[in-house]
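Sequence annotations record features per position, and here TrEMBL assigns GTP binding site to 80, 81, 82, 83, 152, 153, 154, 155, 156, 157, 204. As annotated by TrEMBL, domain 'G' applies to 146-217.
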């Protein structure tokens with residue numbers, strides 16, 4: 001069946017996601033509180049703040065606790081993972097950010113070995129610093145930047161990309177696909193030689209209280225909150241709802257479905273069967289115990305979420 005023939009039922013899909021009274025988990029361990037405290041204490045030696053966030057959620061989940069930090073130093077917002085984001089509404093995003101007072105914005109893909117926008121960052125920072133007072137650092141010819149953001153948006157990847165571009169040197173920060181990789185607070189790393197520029201790497205810090213359950217779900221979907229704290233099943237269901245709402249149906253072909261579906265249990269069962277994600281379970285019957293093979297829904301949900309995070313389900317804009 002052709003996909004366009006199968007879309008006739010899409011108008012019956014959910015238009016609102018039912019969170020069922022859930023409250024998203026607050027992932028704010030000790031290193032986050034410690035990180036915030038040390039970040040504030042180190043501002044005196046910082047010339048510019050580099051805030052990095054996921055380009056798929058340019059407005060959702062940016063930590064409001066950072067605002068008091070950003071107000072006292074020049075600020076650049078980097079929207080990373082642009083290769084995974086649908087940027088057809090890029091101008092709308094930039095206008096809304098400018099209305100919110102954010103004027104210096106770069107879209108990047110920091111996992112690329114070389115990315116043109118990474119080359120623009122140092123000149124942009126130098127121009128911004130040059131147009132604002134440096135106060136106690138006025139006579140210092142070295143520059144210090146601080147990178148901040150919620151977990152797993154690519155802060156370490158940005159540092160490594162800057163080192164590759166400006167120093168032709170390799171990785172200085174460990175990179176991972178889940179939140180919490182950077183736990184050492186305020187590691188100072190050189191990212192440029194001319195001018196001499198260091199960057200303070202900081203752990204990802206979520207707001208102590210996330211503004212809404214939907215914002216929390218978007219953060220979880222993009223990998224800023226550990227999956228098991230929210231639940232792979234609910235994240236997968238929200239992903240299916242979001243893809244259908246946005247008209248992104250590439251999952252139909254990827255998982256050999258006949259048509260788009262709004263039923264997460266059906267989808268996960270198909271994924272489990274297609275990928276061989278099964279589990280053996282003992283069942284008690286009237287004639288004794290038997291072992292049955294069932295779909296592993298959790299493993300299937302994880303595969304579905306991972307496919308989204310790797311860009312295998314198409315580019316999306318969740319905000």
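Each Cβ is built from the backbone N, Cα and C atoms, and glycine gets one as well.
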Same-chain residues at least 6 apart in sequence whose Cβ lies under 8 Å from residue 82 (GTP binding site): 55, 107, 108, 109
Predicted model, mean pLDDT over the domain 'G' (146-217): 76
